[in-house]
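Novice: Grabbed the feature section from Swiss-Prot, which reads as follows:
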BINDING   K82, G89, R90, G91, E150  ATP binding site
BINDING   N242, D256  Mg(2+) binding site
BINDING   N307, G364, I365, V366  substrate binding site
DOMAIN    45-287  domain 'ATP-grasp'
TRANSIT   1-34  transit peptide
Amino acid sequence: MFKLGRNRALASAFAATSRAPLASRLPSVSQQQRRALSIHEYLSADLLRQYGIGVPKGDVARTGAEAEAIAKQIGGEDMVIKAQVLAGGRGKGTFDNGLKGGVRVIYSPTEAKMFAEQMIGHKLITKQTGAQGRLCSAVYICERKFARREFYLAVLMDRASQGPVIVSSSQGGMDIEGVAKENPEAIHTTYIDINVGVTDEMARDIATKLGFSEQCVEEAKDTIQKLYKIFCEKDATQIEINPLSETSDHKVMAMDAKFGFDDNADFRQPDIFKLRDTTQEDPDEVRAAQAGLNFIKLDGDIGCLVNGAGLAMATMDIIKLNGGQPANFLDVGGGATPAAIREAFELITSDPKVTAIFVNIFGGIVRCDAIAHGLINTVKSLDLKIPIIARLQGTNMEAARQLINDSGMKIFSIDDLQSAAEKSVQLSKVVKMARDIDVGVEFTLGI
């Protein structure tokens, strides 16, 4: 199943390091495109604690009063408050109320309450969220630890080598893509044989090369092995610790953690998947998942409705080859029922940028004439005004074509893939031009 999007910082790092020598190169980003469950930082910290990995003392608060109470419980005069938003760049982000920074150092319970009240219930805008931002519903308050050394360590699933890898760098505590761009030799990849796992020798070698002091190497080795254990036992696709620190009292601590889990493992990881925060996800993508559709928004203006991930990718490719931009990835799967088609059209047309829809269906499991009935009824009931290009190939395709032609609906039935894609791009441009100059446009079918 084609899935988009992993941690963007990692993706940038993959791309940047593809130019580095093989020994220090991260896996290629083209091999890494995955869409997986992400969980909040405070939940990641809880999971690390369960496996005996050192993390700063802290807890989650959903009100200013709770934040104040947690800060009192932690004690001391050095703490950090972090907005719980599933996006990178929180520290440099800005809230919709003008507050700068989603990660701030605080020195008292009073400050904890003050900043919590300014963060909770407001949207944080970062370089990853886009202008719309993401709602902060909770804050994580933890003790501030001072590090003697900071490192970067991640356990990832690498499709190129068809197995897990450990990516490490002595330059932790900073933007990993910046390190990858400026100094790719500082990033190292260790390939793991799943039949052997992370041995003592391998983990100790990684810890030593990172630069942990002699008294911390064994604890760092144990931490690396525990991270790999979490990776395997919880069906993770990504565990990123940045920074993994050696504190001033020579303790190994995971100061910040990002987890990604394989969406296909939800049936055997119920405890993990109940941690999902759908308020942090695109509502249309959540709705699609509930309907059994694989839907991911993109930035273009040609809607795509396809059955099968491979055909969906080929459809997006040929749209781009003809000068267009797909507005979405949408795979209705083998069960392209009339109900699924209607749901798919509602999702596609909810995007105001969409100026044409390309329906590309191969009728193997489902008959093309059944698809045609669903398509015609959907276009009628939704009273769609934008052009629809339908390419229905396979079982009963002639009957499907006849149904569309006899329907009187403005659906362009085209058999050839190139011609259908070309027509989609051309009609999309016409509609976009009409919108730009604020005039109406109608289409007459040449059939």
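Glycine is treated like the rest: Cβ placed from N, Cα and C.
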Novice: Out of E150, D256, which of the binding-site residues has the smallest number of neighbouring Cβ atoms within 10 Å?
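Specialist: Counting other Cβ atoms within 10 Å of each of the binding-site residues E150, D256 gives the minimum at E150.
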Novice: Over all shown protein chains, what is the count of other CB atoms within 10 A of the CB belonging to G89 (ATP binding site)?
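Specialist: Counting Cβ neighbours of G89 (ATP binding site) within 10 Å gives 18.
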Novice: Out of K82, R90, G91, point to the one nearest V366 (substrate binding site) in space (Cα versus Cα); all of them are binding-site residues in the record.
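Specialist: Minimum Cα distance from V366 (substrate binding site) across K82, R90, G91 lands on R90.
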Novice: Please give the average pLDDT for the domain 'ATP-grasp' (45-287) in this predicted model.
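Specialist: Residues in the domain 'ATP-grasp' (45-287) carry a mean pLDDT of 93 in this prediction.
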Novice: Ten-angstrom check, please: count other Cβ atoms within 10 Å of the Cβ of N307 (substrate binding site), all chains counted.
Specialist: 26
Novice: Would you mind listing, in sequence order, the residues at least six apart from G91 (ATP binding site) in the same chain with a Cβ closer than 8 Å to its Cβ?
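Specialist: Correct list: G101, G102, V103.
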Novice: Is N307 (substrate binding site) helix, strand or coil when read with DSSP?
Specialist: coil
Novice: Cα within 10 Å of E150 (ATP binding site): which of the binding-site residues N242, D256, N307, G364, I365 qualify?
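Specialist: Cα filter at 10 Å returns N242.
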Novice: Give the distance between the Cα atoms of I365 (substrate binding site) and G89 (ATP binding site), rounded to the nearest whole Å.
Specialist: 45
Novice: Would you pick out, from the binding-site residues I365, V366, the residue whose Cβ has the largest number of other Cβ atoms within 10 Å?
Specialist: V366
Novice: Could you check the binding-site residues K82, R90, N242, G364 and say which one's CB has the fewest neighbouring CB atoms inside 10 Å?
Specialist: G364
